[in-house]
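Worksheet for the structure shown next.
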Amino acid sequence: MRCPGKLEVWKMGFVNYLDALKLQEKLVSDRKLCRIPDTLLSLQHPPIYTLGKRRTDHNLLLPVSELKNIGAELHYTQRGGDITFHGPHQAILYPIISLREIGIGARNYVEKLESTMIELSSLYGVKACAGQKGETGVWVGERKIGAIGVRISYGITSHGLAYNIDPDLKYFKHIVPCGITDKEVTSLRRETATVLPAEEVIQEQLISCFARLFGYSTVTWKENPSIFSDHESID
């Protein structure tokens, strides 16, 4: 693995899913052309279910027409993985990075994303681990605490990971999370005996774990960046 150098972190707060999707597409294009450094988007979404490119609609256990009643939406994506939920009190990282420049492959990349969430969990006395064969994401025993779904195009990554700090777990009752039956979903709040700090602190710790595991020597931060300021409109 080569030394990656600089990582630019965008702390974005709450972002509509489609806006985040369009922004990722723009940043991936810019990264391919070397217009920007490796970039990490840190954000949360309003309640939304997303399906990967395998289109496993059968793992949504609720009619689409009823999603509005629970305050959620459904979107299809080109990432890997199965159905998952994103919502408030969940830390999401979308890395837009060049695997070729770092010198790692897709499998190693996913393993480092898993390790990022495992290391964060350990800070709060929670023993998490990568899933068994066929079980993506990060688990605490038989309970899933973090999901991974990535897309890699010409060596540039998008989408990423979602770590459950304290989301409303009832939303997961309406899906087969990541297509894995007979498994529960959990959260850091549920698993730790430690009093949790503010969510912003936990999100920053997750970013620090990511930067350390990927070996970035320099990390710069953008607080609440305007997605229109340095890049063309994504509407």
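The chain as shown is numbered from 1 upward.
Just so it is clear, glycine is given a Cβ too, placed from its N, Cα and C backbone atoms.
Summarising the annotation, TrEMBL assigns domain 'BPL/LPL catalytic' to 34-218. Under the heading substrate binding site, TrEMBL lists R79, G80, G81, D82, I83, T84, F85, H86, A147, I148, G149, G160, L161, A162. Look at TrEMBL and you will find K144 tagged as site 'Lowers pKa of active site Cys'. Taken from TrEMBL, the feature active site, acyl-thioester intermediate applies to C178.
A map of TrEMBL features onto the structure.
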| residue | record | CB count, 10 Å |
| --- | --- | --- |
| R79 | substrate binding site | 21 |
| I83 | substrate binding site | 25 |
| F85 | substrate binding site | 25 |
| K144 | site 'Lowers pKa of active site Cys' | 25 |
| A147 | substrate binding site | 26 |
| G149 | substrate binding site | 24 |
| L161 | substrate binding site | 23 |
Q) Across the domain 'BPL/LPL catalytic' (34-218), what is the average pLDDT of the model, as a whole number? A) 91
